[in-house]
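Below is one structure, written out as structure tokens; the observations come after it.
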Amino acid sequence: MAIKTKQKGPHCFGWCPCPGHFLTAMGGLVAIPLILSKELCLQHDLLTQSHLISTIFFVSGICTLLQVLFGVRLPIIQGGTFAFLTPTLAMLSLPKWKCPAWTQNATLVNATSPEFIEVQGAIIVASCFQIFVGFSGLIGFLMRFIGPLTIAPTITLVALPLFDSAGDEAGQHWGIAFMTISFIVLFSQYLKDVPVPVPSYQRGKKCHLSPVYLFQIFPVLLGLSLSWLLCYVLTVTDVLPADPTAYGHLARTDTRGDVLSQAPWFRLPYPGQWGVPTVSLAGIFGILAGVISSMLESVGDYYACARLSGAPPPPKHAISRGIGVEGIGCLLAGAWGTGNGTTSYSENVGALGITKVGSRMVIIAGACAMLLSGIFGKVGAMLASIPTPVIGGMFLVMFGVITAVGISNLQYTDMNSSRNIFIFGFSVFAGLTVPNWASKNSTLLETGIIQLDQVIQVLLTTGMFVGGLLGFILDNTIPGTLEERGLLAWKHSHKGEADNSHLVSKVYDLPFGIGTKYCTVSWFRYLPACPKRLPGGKRMNELKAAGQENSVKASSERDSEVGADTRI
């Protein structure tokens with residue numbers, strides 16, 4: 001049941017127990033373990049796949065709590081990131097990690113996978129770089145040189161190389177895959193403005209029906225559920241072939257159903273559950289490319305989340321904390337063994353604009369739901385049993401949207417400029433061509449030093465690294481005006497109206513008195529991640545300079561409205 005509340009102050013302080021954000025994030029959380037499982041040699045080990053799904057749910061819940069309470073302090077969900085997926089797949093494509101012929105009993109959990117623990121180690125070490133960039137305030141310096149022509153090819157090349165995975169999964173039964181696509185497109189595009197009456201409760205109206213745009217909020221979840229249900233009907237009626245060698249057999253729901261009976265009811269994920277992490281130089285450099293891409297995307301998400309939730313634009317110290325806490329989240333993800341890192345979820349930022357309820361407590365409730373789902377083993381098992389072509393249909397839509405999101409960054413640039421057309425086109429095409437050549441001619445890249453060979457192989461087979469690096473170099477070396485490069489429009493879009501510093505402190509200050517007790521004394525106040533305090537006179541002068549002489553009074557009025565929820 002969704003309860004839609006009317007907010008008096010900024011939306012980010014409202015209360016609403018709606019599980020919408022948890023359900024919106026579910027598609028991305030499930031997709032990443034299912035893609036990784038094949039390269040981790042777990043494609044037949046459904047029980048381990050279910051444990052992997054449970055782990056990413058559990059860690060995402062922890063990271064979301066850390067981000068909302070101590071990070072950027074905005075209502076934003078944390079979850080697995082596709083930016084880590086591309087370098088991870090490049091790392092696992094090394095000859096030493098080639099999967100052997102499957103002979104192991106699929107009911108056994110492969111808890112000592114050597115490639116898995118090496119991925120864990122690479123994520124742990126690479127996350128330390130993100131922690132340093134965040135808490136040192138270095139992210140602000142880096143953003144001076146990174147613009148749309150660097151971000152666009154980087155994000156675009158996160159999804160484009162995954163067409164193989166999408167095609168392999170959907171190709172198990174194209175009819176079922178296109179049915180899934182049709183449902184998702186129907187809900188997300190054609191029915192997105194159709195409200196559905198949902199029972200709700202408000203203090204003034206008591207129990208009543210409220211219009212909720214369910215199709216716009218949960219298009220992926222509804223599409224998967226309906227396709228899954230239809231596959232079950234086709235399985236029961238034996239329309240889908242029972243012969244394991246026949247085309248379309250993997251669309252049956254009974255081919256993966258045993259995992260539900262094998263999975264335990266309760267299982268608590270713990271650090272090092274797959275073994276002690278190991279470290280390789282190639283893995284670290286590869287994951288670093290994903291870390292940089294993830295940071296760039298998150299900064300944009302912070303500004304979008306603040307705008308949609310009614311909060312003032314995040315100050316530098318909040319952005320630094322947000323990036324630093326995401327680094328801590330990646331560290332935890334590596335320790336627990338999700339096979340991935342964590343980042344801010346753009347899908348959930350968009351959900352704020354739909355529901356008009358941006359509340360920290362909503363996100364905290366969603367984080368608790370993720371924690372419980374990670375502990376409740378049957379949830380991961382159920383998600384691991386989704387028919388293969390249904391997953392393939394979801395991949396086609398999801399990867400297409402990620403590609404388009406990357407390209408959409410070009411809206412800030414002058415695309416009538418031959419300079420910009422060349423930089424973007426060449427960066428993307430090189431990001432596809434070089435990895436394809438490097439994967440087929442790995443012997444030509446050998447230097448005689450094994451570790452160096454692996455680093456070169458991983459970096460050159462990571463399309464987002466190749467394309468992003470070329471975009472960065474060309475954009476900063478080829479002459480062009482700031483307006484032509486899109487930097488002026490980019491900065492303007494991330495710059496809100498002048499807001500009074502008192503309200504900013506109420507939104508972004510650290511909770512439990514940390515911001516007032518520790519960040520104002522001794523050397524703590526010089527840390528980039530600590531909130532900056534202004535003396536009363538300086539604060540008033542700053543407000544007057546911004547034309548907000550009466551903002552202190554307005555701020556106190558707003559504080560009285562939202563004070564109950566700003567305690568955390």
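Just so you know, the numbers here start at 1 and follow the chain as drawn.
Quick reminder: no glycine exception, Cβ is built from N, Cα and C everywhere.
Bear in mind that TrEMBL entries carry predicted annotations, made automatically and left uncurated.
Quick look at what TrEMBL lists:
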TRANSMEM  12-32  transmembrane segment
TRANSMEM  52-72  transmembrane segment
TRANSMEM  79-97  transmembrane segment
TRANSMEM  117-138  transmembrane segment
TRANSMEM  145-162  transmembrane segment
TRANSMEM  174-191  transmembrane segment
TRANSMEM  212-235  transmembrane segment
TRANSMEM  274-292  transmembrane segment
TRANSMEM  362-384  transmembrane segment
TRANSMEM  390-409  transmembrane segment
TRANSMEM  421-438  transmembrane segment
TRANSMEM  458-478  transmembrane segment
REGION    544-568  region 'Disordered'
COMPBIAS  555-568  compositional bias 'Basic and acidic residues'
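Sequence-distant residue pairs (6 or more apart) of the transmembrane segment (117-138) and the transmembrane segment (274-292) include at least 3 whose Cβ atoms are under 8 Å, placing the two stretches in contact. Residues 25, 29-30, 32-34, 36-37, 42, 78-80, 267, 269, 273, 302, 314, 318-319, 321-322, 324-326, 328-329, 332-333, 336-340, 342, 344, 360, 363-364, 366-371, 373-377, 379-380, 383-384, 508, 510-511, 514, 568 of the same chain lie 6 or more positions beyond the ends of the transmembrane segment (52-72) yet place their CB under 8 Å from a CB of it. Cβ atoms under 8 Å from those of the transmembrane segment (458-478) belong to residues 83, 86-87, 90-91, 93-94, 145-147, 149-150, 152-158, 160-161, 282-283, 285-286, 289-290, 292-293, 419, 422-424, 426-428, 430-432, 434-435, 438-439, 445, 485 of the same chain, restricted to positions at least 6 beyond its ends. Between the transmembrane segment (274-292) and the transmembrane segment (79-97), three or more CB pairs separated by 6 or more residues in sequence fall under 8 Å, so the two stretches touch. Distant neighbours of the transmembrane segment (174-191): 215-216, 218-220, 222-224, 226-227, 230-231, 248, 251, 387, 389-390, 392-394, 396-397; these residues of the same chain sit at least 6 beyond its ends, with a Cβ under 8 Å from one of its Cβ atoms.
Taking Cβ pairs closer than 8 Å, the transmembrane segment (79-97) reaches residues 25, 28-29, 32-33, 35-36, 39-40, 56, 60, 63-64, 114-115, 118-119, 122-123, 155, 157-159, 161-162, 282-283, 286-287, 289-291, 293-294, 297, 333, 338-343, 345, 402, 435, 439, 442, 454, 457-458, 461-465 in its own chain, all 6 or more past its ends.
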